[in-house]
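Read the structure below first, then the notes.
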Amino acid sequence: MTQPAILVLEDGTVFEGESVGANGLSVGEVVFNTAMTGYQEVLTDPSYARQMVTLTYPHIGNTGFTDQDDEARKIWAAGLIVRDVPRRPSNWRSQVALPEWLQARGVVAISGIDTRKLTRLLRQKGAQNGALMAGDIDVEKALEAARKFPGLKGMDLAKVVSTESTYNWKEGSLDLNSDSFLGLGALNIGKSAHASAGSGEELAFKVVAYDYGVKLNILRMLAERGCDVTVVPARTPVAEVLALQPDGVFLSNGPGDPEPCDYAIDAIKELIAQKVPTFGICLGHQLLALAAGAKTLKMTTGHHGANHPVQDLDGGRVMITSQNHGFAVDESTLPANVRVTHRSLFDGTNQGIALTDAPAFSFQGHPEASPGPRDVGPLFDRFVDLMAARA
């Protein structure tokens, strides 16, 4: 027997449907994602912490879930909003259906609502705070909860979703033929620069990755390029990172507002001063810009999808990218030593920067995809090239 569920927005709009997840009450910022596939990767992306994800594609759950496609060890999204959930998933890799997967992880979710109407409302008014309630329904209680939610502006969530302890990562991408993950340096890119003299062996690049909410596929793409990755908590002092003598430092994706992350901004300033090769993605991109002296701004609806066109301003190439962010770098505030490398063809917002006086660059979207295209994957190779040039 199905349980009732409601979505209540801060403006008083109420959507009634049925529960396809856990019972209870959850609050957060309601956003929409336009990707047709990859719902598991979306839900397990830590960048969605304190956000409720509306998936605009009508049928969600067709291919079920498999543990191999998780992008984090925990679900940080505040809830899921969909139009329809197929009764029976069909895929040779599927281990469990959507409702069972959500219930096991305690995620509140609603189906059977008009997601087109909701998406148009969010597009017109901007991201809304909302409350999802499943099981025992109380509209007034849900509305009160939605209006009490403070919103993401000014909210530092990187320290919330970050790992609590340092760990090492050497696992590459998934090989479906062998049903296993590739090992360190599987792509054999750029490692010759680190061949030990006379040994005939190629050594991996030592990369320290600041975890602000890192996706696992980012770590895999670094590993298969010959990077021996040490993942550290978001608030790790930069002195501890430099003591590891890394060839490069990676700044991960993550949720929330970048401006309150003073600990990260201060650390990145020192990395810039020390000329350490540095590569940032998503939140890491915004933090690099802040460390360089720029400012960020809250977007009306943000970018959430897997089909966003971005232009590489250096070569003129247009790439289709995966995007997931609600804040953006304000190009008008970039200092003279920072040049723009990429720009969105949807709304003209900044998508990439590079410092002219330090080996540091960043990209707003997700070159690791998961889900989405890998048109921007060569940025990982650029990071390897920076480290090789410094060796």
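Yeah, the Cβs are placed from backbone N, Cα and C, and that goes for glycine too.
Given the structure is predicted, the values throughout are model-derived calculations rather than measurements.
When Swiss-Prot records Gly254, Gly256, Leu283, Gln286, Asn324, Gly326, Phe327 as binding L-glutamine, the matching candidate from Ser47, Ser90, Ser94 it lists for that site is Ser47. If you compare every pair of Cα atoms in Ser47, Gly254, Gly256, Leu283, Gln286, Asn324, Gly326, Phe327, the residues listed for L-glutamine, the longest distance is 13 angstrom. The L-glutamine site, placed at the center of the C-beta atoms of Ser47, Gly254, Gly256, Leu283, Gln286, Asn324, Gly326, Phe327, has further neighbours from the same chain whose C-beta lies within 8 angstroms: Gly213, Asn253, Pro255, Asp257, Pro258, Cys282, His325. Of all the active-site residues in the list Cys282, His366, Glu368, the shortest Cα-Cα distance to Phe327 (L-glutamine binding site) is found for Cys282. For the binding-site residues shown (Gly254, Gly256, Gly326), fewest C-beta neighbours within 10 angstroms: Gly326. Of all the Cβ atoms in the protein chains shown, 22 others lie within 10 Å of the Cβ of Phe327 (L-glutamine binding site). Checked against Gly326 (L-glutamine binding site) by C-alpha proximity, the active-site residues Cys282, His366, Glu368 yield Cys282 as the nearest.
Separating the Cα atoms of Gln286 (L-glutamine binding site) and His366 (active site) is a whole-number distance of 13 Å.
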